[in-house]
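This report refers to the structure that appears directly beneath it.
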Amino acid sequence: MTLCAVDSARALACRDGHAAATLKLISMFVIFFTSVVGISAPVMLARVFHGKPLYDKAILIIKCFAAGVILSTSLVHVLPDAYDALADCQVSSHHPWKDFPFSGLITLIGVLTALLVDLTATSHVDGYSHGHVHGSKEVTAYTRIGDSEDVRKSVVEIEVVEAGEERRRLKDEEEMVKMKQRMVSQVLEIGIIFHSVIIGVTMGMSQNQCTIKPLVAALAFHQIFEGMGLGGCIAQAGFKFGTTAYMCLMFSVTTPMGIMLGMILFSITGYDDSNPNALILEGLLGSLSSGILIYMGLVDLIALDFFHNKLMSSETWLKKASFLALVLGSTSMSILALWA
């Protein structure tokens, strides 16, 4: 209880609703601009350099940087914040929050939820692939039987059909990879949107100008790096222009909208970011978001690229460059934890 009293005294010294509201309005425009820059940069670069000799390698390195950013976001930013929210003395001194590590449990639920979505999407993609393969086999069998009168003509036509089948098979494989990449990008954006809403609402409800001031600059850089991470995945997935624009817009407006929602909630309920109910909601949603991002970062980004990518396994220098990009992304996002 003494610790709670000390924290309350510090918060009261910095509490200024008018100054906090001004800072929050400024932060909405700053964060929107930096979010647009962050997520648009890899998407625009991918469109400019599409078809160039180093395009695929550059996209892979950007995606590895993105994986580092996402993994660091989940482990260094989101999960500790969620744990701190549920460990706050106003929450942890009451049942059932003091009896069980709920942040770890909800993180586990987030991981299992992401796995379930991944399995469902993968089984759908596999079913799509098998349907196309069976159709190709039927065409081959029909061609071999129907053209048996003229052997030479039959051989030529069978070779043409087999060549067509090979092209279709390669096209189907490419389509499967694209479908997987699109699914990863969409689930990843859901996890990031959870995280962005939590950040925005927490800032919007806060009346502590001492907390908000350093957060504005830190979140601006945070959104740039996180936007680059998501933008790299969107660029590789090859969405149509409309879908790409929609995903970029959703990422860019989520945190400013969260800030606005937090301000509205404070004006209606009087709850600020230190209210026990707000802390519980922040802790639960943050833990769920962390679980989703941890799974996506480790399984669908890092493991997929480093162990199941033909381009990565064929060139040693690319593997080294990708690992350095992964470390750079993780380090850049981790350093920001000093301020946000």
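Cβ from N, Cα, C; glycine included.
Keep in mind that what you see is a predicted model, and the values were worked out from it rather than measured.
Straight from TrEMBL, the features:
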TRANSMEM  25-46  transmembrane segment
TRANSMEM  58-80  transmembrane segment
TRANSMEM  100-121  transmembrane segment
TRANSMEM  187-206  transmembrane segment
TRANSMEM  212-234  transmembrane segment
TRANSMEM  246-268  transmembrane segment
TRANSMEM  288-309  transmembrane segment
TRANSMEM  321-339  transmembrane segment
Counting CB pairs under 8 Å, which listed stretch among 25-46, 100-121, 288-309, 321-339 touches the transmembrane segment (246-268) the most? 25-46
Sequence-remote partners of the transmembrane segment (58-80) [C-beta within less than 8 Å, at least six residues beyond its ends]: 42, 45-46, 49, 103, 107, 188, 191-192, 195, 198, 222, 225-226, 228-233, 235-236, 286-287, 289-290, 293-294, 296-298, 301-302, 305, 309, 311-312, 318, 321-323, 325-334, 336-337, 340
Distant-in-sequence neighbours of the transmembrane segment (321-339), which means Cβ under 8 A and at least six residues beyond its ends: 60-62, 64-69, 71-73, 76-77, 80, 214-215, 217-218, 221-222, 225-226, 229, 302, 305-306, 312
With the transmembrane segment (25-46) as the reference, find which of 100-121, 187-206, 212-234 contributes the most Cβ pairs under 8 Å. 212-234
The transmembrane segment (212-234) versus listed stretches 100-121, 187-206, 288-309: most Cβ pairs under 8 Å: 187-206
Residues from the same chain, set at least six apart from the ends of the transmembrane segment (100-121), whose C-beta lies under 8 A from its own: 79, 82-83, 86-87, 179-180, 183, 187, 191, 283-284, 286-292, 294-296, 299-300
